[in-house]
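Structure record follows, encoded as C-alpha cells.
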C-alpha cells in the first residue's frame, strides 16, 4: 500500500500545481511592464549615454517579454483585464516609493508598528507552517542567481531543472524513486521525445553562465540591466533578509503573501511537483489541507487586485518603507564605481547589507554546478540501459546466418503405431556389439553363397542338357522351368514355418539338448524326423555355436552320406530341424542286437564311414562326436551320419567367442557338461537309464567320451584327425564286442583313453585278420602317427586310410550301390515304421520359460529351406515317386544317385 | 554429437568387409520376378537395420542424448492426423522399424504363400520402407559413428549401408534429395566397390 500511495499522490499534486502555474506567468508579465514604466520615467530625467545603452538592452528584453505576454493573452481573454489592472497598481506604488524615500526616520517607526499588527494576525498560521517556510527559503537563492545570469525564457526552464535536481541534494532517499520514475518515463515514446529537450537547455544554460561569471567587465555591464529588471525580486530578498535579522517576529508575516506571489509568478511547472511531493510526504493530513488552502488563497489574492490596492492604501507607511528600502541596493550596485557625497554615505550602509547575503550565494553556485553535472551522468545511464536492452536481440539474429536451421522433413504415421509411443515402450531388442559383427560377417557370406549356388544350379542344368544333346527348344523350356523353380524358392524362403505345420507321430530319440520325433507335414503328408532344441538349454550350456554349425553343415550337405535337412525354423521356445527320416535305426541298436560283427560287415561299415568322414572334412567340419548312436542305417543297409550337435566348424562363423560375453576368451569344452547341469538335467538321466538297461558293456553316455580322442579330452588342441581315432574305436567295438577303454566311471574312462597304450587290449582277437588288427592299431594311436593325419589336403589324408591293406578289394566308387550277402538289411514295413528305434514317452517341457523373443540375435540366420524340398520326397529312401521330365536333370546330378533311385524302384 | 565431415568421410574410414562381389549378388537374377527379389532383399535390410539400432538403443541413442531425430542438414518428424509429433530419435526410429516390420509381416503386402499376388502399389511401399531405413542410417552416421569405431564395428556398419545403397540404386528406390545427408559417404562407398 505504501509504495503505491506515493506513486499516486505526486501525480495528483503535479496536476494541481500545473493548474496554478498556468496563471503565474501573467502577473510576472505585469511586473515586467511596471519595471519598463519605471525606466521610461528615468529617460525623462535625461541620464548619461551609459544610461541610454542600458535602456536599449532593456528595450530588447521588453520585446522578448512582449512576445510572452501576447502568447499568454492568446490563451485566455479574462487574463488581459486582470493584467492591466495589476499594471496600473504597480505604477502607483512606484510613485509612492519615490516620495516616501525622502521621508524622515519617523516613517520607519510607523512601519514597524504596522508590521507588528500584521504579524499578530498571522501568528497561528506562521507557527504551524514553520517547517515548510524554512524549506521554501532554501531554493530562493538559486532562482535569484539564475535570474541574474539568464534570459527570462532560460530562467523558466533552468529553474525547472534546478528545482528538480535540487531534490537529490535535499533528500537522498528520494533519489532512487525519482530515478525509477525517470527510467519508466524513458520507455514510452512520448517521454523519450521530451527528455532530449531539457538536456539541450541544460547544455545551453551552462555556457551562458560560465562566460558571464568569468569575465569581469562584461558581467558588470551585462548584469546591470538584468539587476535593474529584477529589482522587485532583489527587493524581496533584501527585505526578507533585513527583517529576519533586525525584527524576525515583527517583519516575517508581511513578506509571506508577497513571497508566495513571487514564488508562483516565477515558479516553473516542473520544480513544484517534486517539492510538493516532499512536503506532502512529511506533512500530516491537516497540514496538507492547510497547504492546499494557502495555495488557493494565494490565487485569490492574485485575482483580486482591488484587495491588494486597498491593503496598500490602508497602510501607506508600511508601503513607503518597503519601497524606500528596495531601490537602495540596486542603485548602489549600479553606481558602485562612482563615489559622490550622498552616495558615499548610502554605499557604506548598503555595503554592510550586501556582505551578509554573500555566504548564501556562493554555496548556491557550487550546488548549481553539482546539479548541472548530475543530470549529465543520469542521461548516460539511461542510454546504457537502452543499449543493454538492445544488446540482447542482436546476437541471436547475428548467429542465425552462421547456423542455418536443419530442413524439417515430416512423414505421416498410422495412429495404431503410436500406442507404444504413448506408453513409451520400445520394441527394438538390444544387440551386443560382437553379435552385430558376427551377424554381418556371416550375412555377407550367405549372400554370396546363395548367389553362387544359384549360378551353379543354372550351369549344372546347362551342362546336363549339353551332355544329353537336347535340342534348343527343349533346352529353353528346361531353363524356364528352372527359373520358375528358383522364383518359387525365393518366395518360400520368406515363408514362415511353424511347429503347427507338423503332426508328431512318435518320439524316437533324446539327446542332451533336445529330442527327436517322427512327424508328418500336414500339407504334403510327408514324413520327417524333427529334432527340437530348447533355446534355454542351448544358451545355458553355451552350445549356440555348435547348433549353428550343425545347421550349416546339414543345410549345405549335398551328399548321400549325410542325413538331409529340409527345414529349420524357430519359435519363442525352441529351435527346430526338419530332417530326412532314416528308418533303419542306428548302429548302436544293431551292435546291441548282433553283439559282434563279422569282419566283412565291419569292413563294409568302416569303409562307408571313411567316405562320410571324408565328405565332412572336405566341407570344413570336424564331427568330434562320432559314435554308433550317430550312425543311421537306411533301408538298403547303407549308413548316413546324423546328429552333428557337438560338431564344430573350421570357419570363423562357428567360433564360440561370438556368442559369449564380450570379454570371454576362455573356451569351455562342450563335451563336459557343468556338474550342476548334468545333475539336474532330466534328459541326461533318461539317457543314462535307457543305456544302462539295455547294454552294460557298450553304453554311450553323454559326456563320457568313450569314442573321443585323447587330445580332445586333454584339451591340448585337436584337428580333423580326432575323427579317425573315433573310427578306430568303433571298429574295435564291432569286432571285439566292447569299447576298448570302458570303465565304471567317466573319469576312469578318460584316464584309460589318456593312457591308451596301457589299456588297449588285443587279447581274444580270435579269427581276426592281421590287417584288421593293424588297422585298429594305426587308428588308435598318437595323432602324429595316426592314419589320416598327414597330407596337404583332405584327399591325401583320407587316401592313407583308404589305401590300407585291410580295405583291399573295396570298390570306393560304387560302394554306395553295393549289394552283398553279408550286408545287414533292416526290416521296414511302412513309412511310419519306427520298430528299429527305441520309442518312449517324452515329458514335454513346453512350459519352460523362454529366454527371449523371436528376434534374439543369437539365433539369427537359423531359418532354412532346402532348394529341392519343393518336389522331392521327405524320405527318398522310402517313397520314391515316379520320375518326372525335369527330375533326373535337376535332382540326380550324380550317377550314384541315379542308380540308387533305379534300385529303389526295382526293390519296391 | 555431430562430427566434421572430413572425419567420417575419410576414405580410410570407409572400410568394409571383404565383399567384392556384393553388387552382383544383389542384381536381379535372370528370369526372377522383380517384386519377389525386392521382397526378399528388403526383409534382409530391415533385419540389418534393426540390429544396427539394437547396438545403440540401450545407452547410446537415448531420449536425453538424442532429443530429436537429426542428420546432416535434416530433422525428421512424424505427423499423426495433421499433428506434428515431437519425438526423440530413439522414439522416431522405434516407430519406423515397427512400421517397416508390420509391412513385412503383412501377408497382403509381402505374400509368402505360393500363388498369391503382390499388391499393385508394392514398389511404392518398398520405396517408403527404404526411405525410413535410410533416415535411420543418416542419424546413425550423424550422431553415433564414433561409437561404431569404438566397438570395432565401423566396417560392418559400412558394409550394411553399402548393401543398402547398391540395392537402392539398382531399383531406383531412393531419390537424390532424400540421400543428400549422406552423399559424400555414399560416393566413397560406391567408388571403393
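Cβ atoms here come from the backbone N, Cα and C positions, even for glycine.
The feature coiled coil is assigned by Swiss-Prot to A:42-70 (among others), with sequence analysis given as support.
Swiss-Prot lists A:115-134 (among others) with the feature region 'Disordered'.
What Swiss-Prot records for A:162-183 (among others) is region 'Disordered'.
As annotated by Swiss-Prot, region 'Disordered' applies to A:203-225 (among others).
Residues or ranges marked as region 'Disordered' in Swiss-Prot: A:388-412 (among others).
Feature annotation from Swiss-Prot assigns compositional bias 'Pro residues' to A:392-404.
Annotation source Swiss-Prot lists coiled coil at A:439-470 (among others), citing sequence analysis.
Taken from Swiss-Prot, the feature domain 'Protein kinase' covers A:502-807, and the record attributes it to sequence analysis.
According to Swiss-Prot, the feature ATP binding site maps to A:508, A:509, A:510, A:511, A:512, A:513, A:514, A:515, A:516, A:531. Its own atom aside, the Cβ of residue A:508 (ATP binding site) has 22 Cβ atoms within 10 angstroms in the protein chains shown.
Here Swiss-Prot flags A:625 as active site, proton acceptor, drawing on sequence analysis. Its Cβ placed at the centre, residue A:625 (active site, proton acceptor) has 24 other Cβ atoms within 10 Å.
Its Cβ placed at the centre, residue A:516 (ATP binding site) has 21 other Cβ atoms within 10 Å. If you take every residue in the coiled coil (A:439-470) and average the pLDDT, you get 81. Residue A:516 (ATP binding site) sits 17 Å from residue A:625 (active site, proton acceptor), counting Cα to Cα. Packing around residue A:514 (ATP binding site) is summarised by its Cβ count: 23 other Cβ atoms lie within 10 angstroms of its Cβ, all protein chains included.
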